[in-house]
Structures are given as structure tokens and as C-alpha cells.
Amino acid sequence: MGFRFLTKHSENMAITANDLSQLSINTIRTLAMDGVEAAGCGHPGTPMALAPVTYQLWTETLNYDPQSPHWLNRDRYVLSCGHASMLIYSMLHLAGVRKVSADGKITDELSVSLDALRNFRQFDSATPGHPEFGHTTGVETTTGPLGQGCGNSVGMAIAGKWLAARYNRPKFELFDYNVYTQCSDGDLMEGVSCEAASLAGHLKLDNLCWIYDDNSITIEGRTKLAFSEDVATRFEGLGWNVVRVDDPNDLGALSVAYDAFQNCSDAPTLIIVKTIIGYGAPNKADTSKAHGEALGAEEVKLTKEAYGWPADAQFLVPPEVTEHFQNTLGQRGREARETWEALFADYQKAHPAETKELLQMQRRELPADWDGDLVEFPADAKGVATRNSGGKALNAFAKKIPWLLGGSADLAPSTKTLLEFDNTGNFSSEDYAGRNFHFGIREHAMAAAVNGMALCGLRPYGATFFVFSDYLRPAMRLSAIMGIPSVLVFTHDSIGVGEDGPTHQPVEQLAAARAIPGLVVIRPGDANESVYAWKAALENSHRPTAIVLTRQNLPTLDRTKFAPAAGLLKGGYVVSDAPGGIPEVLLLATGSELSLAVAAQEDLAKTGVMARVVSLPSFELFDEQPQAYRDEVLPPQVTARVAVEAGVRQGWDRYLSGNGAFVGMNGFGMSAPFEQIYEAVGITSANVVAEAKRLLGK
Ligand SMILES: Cc1ncc(C[n+]2csc(CCOP(=O)(O)OP(=O)(O)O)c2C)c(N)n1
Ligand SMILES: [Mg+2]
């Protein structure tokens, strides 16, 4: 019994390998059609066309054990064109990938069950509209915003090279995984993928393979409407190995292409596969119908007939197909993983210290004593810029955390993010063990790559000027959606930038960063707070952090007089209470404006006004504190409140009790020495004093 009707053979004839391939490919195709049809939305055409390309990759090439989806040396598969999500869901189902529970245990359940496929895009299913990391086991990164998966894959390939360089030993080739990314026209039109490809080519990441679905169509129609470049020539120029496959249904040609990738040892590979969207759909192929819409019942029937598929069957998975996946991908992956585990067991004996690091890293833990003796800065009225103190803190932590690593988008001398102790080195094609990264002037690719690195267990950071956070915002947003510990270091955080003027002076960026749910934004108020900012960031093992630092010097508060900087860990704390103990007015400040609030407090005291200074470096950390603590810091009965921050007001009102004042920015800055700009826009301690008195009617 079974699926005789699916083959052209007589009953007695065994199903041949070719038949099995075709059967599997058509299973992927029909699952995609049925999933989209059931949901009433989604993109069936791309999975239909890419079915053989993906089938060949998974069954013949991918080094992945469906029984152990988190195996450290697994090949990474990224579907950058996340709109084709039914493709990855069908693959995860057919491959029998196991679900891993939230606490990291491999369960007996499938990551994507047949029911989950039937519930494509439905509430709480394992098959959301676009693939989501952490939601569906086997989805290595969240994709959907075109280009991001490409950027992430570069970070994953970087991580592979770094892990190999640091942990492989003679006779112990622990890390040699490859990263495969399927991408579409849209992925390659986006700037971020080109930045990332440029970086990958420069770094000669020969463990990276992008498979481009060259179907000459996007949502509005033929690509010739907007895209006429020669992609192959572009990628050759970027230093890639470019391979072409003219017919996606030619499994032999695909196999040759994947071999060409594996045999290339000095460049990433782009495989350009010429395809026709909605392959096999007789009426709707090559039309926009196969794009963002279901095909419609009639067309689905006709297409199934064209595939030699029972026209009325839905979500049909012939048992031969799952068996076939087990016998190919499954068996190869299991053997490779078991061989690797035996190797790792020996490695453990030969290299216990390295093993410990690897295990800690993968559990997203930090080495014991990572926060032992923290850097301390003595009181200093002239002070130090938080970019400088932040850089010192970073270096101190990085000495203790070998997998804390990163770099800047060509601004390290300004962002102060260089690791300067022994044996840090520059990460380059000559030295993949380096910990200082030169991402080039590619903020977006930097943040996307940082996400990919974090997804492989590293603790990466990327740095640039705060105003250019806008250039990398989509990747920052995805780090928050995924709940991964990417750290972004943003310096030159306000009009304090001075002479570079309004183009370089962030105004709305604090509000914009705080608007991203799950992103912890920290703007420390002096040198010692910047140490705790890094500590908080490193403690955020399952969410991203943006550390926002000044270019200009800030006074280092005398912590024998003021409350300890460790208060930063609670997001907000009383730095200096009203002299008499009971405040009439609260002065709230972050970053460089903390010292203005402190000065205002002194001036107010001289006229008998009792003010409390609250440092509020992180709204997110503060909002997480118990109500009792927040009420202790911001007593509800004290409604006279003045907030001071060199940014826009948006976001502050929840701390101002409806009766507060805000001293900050109303427009863009200007080019001048920063002290003059502060005066000109009125962000001064005198204005804080004036506002406090106005609120108190004094
Ligand atoms: C950054 C971004 N912009 C726009 C979209 C909306 N969108 C989804 S698919 C798509 C284009 C589809 O064309 P292509 O990338 O060639 O994929 P294909 O339809 O050929 O699979 C667009 C514009 C998106 N997902 N991400
Ligand atoms: Mg396309």
C-alpha cells in the first residue's frame, strides 16, 4: 500500500532513489500550498520553486542531526527570505526535528508537527507567519525583514571561524560548521546584505554559502522594474566565489554547486539558482498570485495533478518521505554528531579549561569571578567621559570573559571599544582568533552580524555614534524580538558632541531606543555608573542592551558622599537625598545631565528648597523593580518633579506625575563648543533650579 499512485511504476517495482527525491520534493511543494491555502495568506510560490534546492541541501549536504538540534557543530541553515516560511516548516517536519524545551531538554515531540503545518500562521502555533527564533526549534534566527538573515549568517560564519581558531586543537577539529542561507531578490536588493557580503568577502569566510533564488520577480512584478544589476559580477567584485545553477530541478547540478562551495577554501560562495516562482502551477506560475496569496482551491488541484499528486489530498506526507529524510540527513547527522561527541569527550579530558569555557558560553553563563574586582574611579570634579570609563570597564570585563568580543563601525578610536590587553588581536582572514573586530563603515551589517554571533553563543558588541543607531535599528529591533544578548555601545550621545553639529547630535534616539520593547537602554551618569552599565549588560543573558555614553568629560561623583553607583543595577536610585531627608522636589536625570541635577540641588539648598536627586540611567531596569522600591525612589506624594536630559521629552512623562517639568531638547542641536550649545538650548542647572521653584510656587 502507500503511494504507488505517486509513481509511474507498476505495483511490484521498488521505489527508486529518483522517485523518492521527486516524491519528497512534491511533498514539500504540496505542504506549502496546503499551508498557505489553510491560512488564506502567505507565499506558496517560493517554497514550491525552492523545494528541490532545499531538498538537495538537506538530504545530501547539511550536517545536522534532527535528534539534537542544538549540537554545537551543526551546520546553520537560515531562510533569509522569511516570507517563504512554509519551506522551513515543511523541512523541519519532514526531517523530524525534535522540539527542544525552554530549559534546553530535547523532547520526543516534533518541533513542527503535521498539526502545526495545518495551523500555519494561527495563534500559538509553531508555524508563525515568519520564522521566529526561540519559538520553533530549528529556526536559527528570526527572519522576515529582508536582508537580515543574510547579515545574521555572516555573524554565524564569523562565530564559526572564531570558535575554531580559539578551541580547535591538533587532532581536535571541534568546529568546522558551515552556514547556508537561502535568499531572494529582496534580500539582495537590501543594503544590509551588500554590507554584510562585503564584510564576508573581505574576511574570506569560506564557511558561508548563500543560495540566491534568482526568480526575477518581487511583489510589484518583474525585477526589471527596479533591479537590473548583474548580481554575479557584483559578488565577484565583493570577493565571492560565484556558482550558477540554471535549472533548480536538476539535482545533479545542485549537488555540483554545493560541492563547489565545499571545495572553495578562500571565499564565501554565492549559488545563483535561476527559478520560476510557483513552479508547476499551470495558470498562476510567474504571476503575482504565487506571491503574497493562496493559490485558490482550483489552482491547487490543478497543480497537484501536474505533480502527479492526488488532487484532493491535503497535508499528505507519504511515510517513505520521512523515512528517506531519516536515511539521509538523519543518519548522516547522527553519525557526525556521535563522532563529534566522542571527540568532545576526549577533548574534555585533554583540555578541561577550554571545555569549561565552551559549556559556560553555550549556557549563556559567565566565568566565575567575572565581576570580581570592579574598576573604580576616584572622585574627580573635572572627570572623565563615559566613553572612556566605559572602555576601561569593557576591557576589565573582557579580560575575564574570553568570549566577550566585538568592535566598531570604523570608530573605535572614538568609541573607545578596542580591547587593549595582550593577545586580543584583530579578527581578520589572517587571524580568526582575534577579538577586535573592524566592521568597517557598515553599521547595519555590524549589528546584524553581532546578532548572528550572539546566536552562536558569543557575547558580542558593536559600537558606533549614537546618532547612527538609526542605521542599524532594524537589527537592534530583531535582537530584542529574539531575546539575545547583543550589546550595542553608542557614544557621542547628545548635543555634548559639540562642533560636529546637528547631523551628529542625537536628539530623539534615546526615546526611539527606549521605544523598543525588551531592549535595555542604559545611559550612565558618571564613570562609576558606566562600570555598572557594562555589568548590567553582561548580566542580560537573554536580552540586548544599548549602552549610551558621552564624548565629553563628566564629573566623577564622590561616592563617599553620594550613594554607590551599584544603584544603577536597579535602573534608578537616589543619588543624593534632600538635606533634611524629606524632599519637596525630585530632580531626575540621566547621563551627562546628572551632574547638572546635583549642582541644582546644591543651589536649591542654599535658598532652603529641599531637593532629591534621582539618577535614572535605565528606564527598563527601573520599571522592573517592585512598586515599593519605585515608590521609595519616587515617592508618589512628591509631585513636584523636574527631569533633565539632553534629548526629547517623549517617554519621560510617566515619571513626572502630571505635574512635572522637563528640561531638554525641543529641536535639533547646532555646531559649536558644547558648553555654548547647552546654554543656548537652556539645559542648565539654573533652568533646573528655576523649574523646581516654579513648580513649588517659590
Ligand atoms: C525589509 C523588507 N521590506 C519589505 C518587505 C515586504 N516583502 C515581503 S516579500 C517581498 C519581496 C518579495 O520578492 P523577493 O524577495 O524576490 O521574494 P520572492 O517573492 O521572489 O520569493 C517584500 C517587498 C519585507 N519583508 N522586508
Ligand atoms: Mg524574487
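Positions of Cβ are set from backbone N, Cα and C atoms, glycine also.
Remember, it's a predicted structure, so these values are computed and weren't measured experimentally.
Among the candidates ASP185, ASP246, ASP247, ASP250, the residue that TrEMBL names alongside ASN215, ILE217 for the Mg(2+) site is ASP185. Restricting the average to the domain 'Transketolase-like pyrimidine-binding' (384-556) gives a pLDDT of 98.
In sequence order, ALA409, GLU443 make up the list of same-chain residues 6 or more apart from PHE468 (thiamine diphosphate binding site) whose Cβ falls under 8 Å from its Cβ. Neighbour counts were taken as the number of other C-beta atoms within 10 angstroms of each residue's C-beta; across the recorded positions ASP185, GLU443, the minimum falls on ASP185. If you check the recorded positions HIS43, ASP185, ILE217 against HIS83 (thiamine diphosphate binding site), the ones with a Cα inside 10 Å of its Cα are HIS43. Here GLY186 (thiamine diphosphate binding site) is positioned 14 angstrom away from HIS43 (site 'Important for catalytic activity'), judged by their C-alpha atoms. Rounded to the nearest whole angstrom, the C-alpha distance between LEU146 (thiamine diphosphate binding site) and ILE217 (Mg(2+) binding site) is 15. A separation of roughly 13 Å, to the nearest angstrom, links the Cα atoms of PRO145 (thiamine diphosphate binding site) and ASP185 (Mg(2+) binding site).
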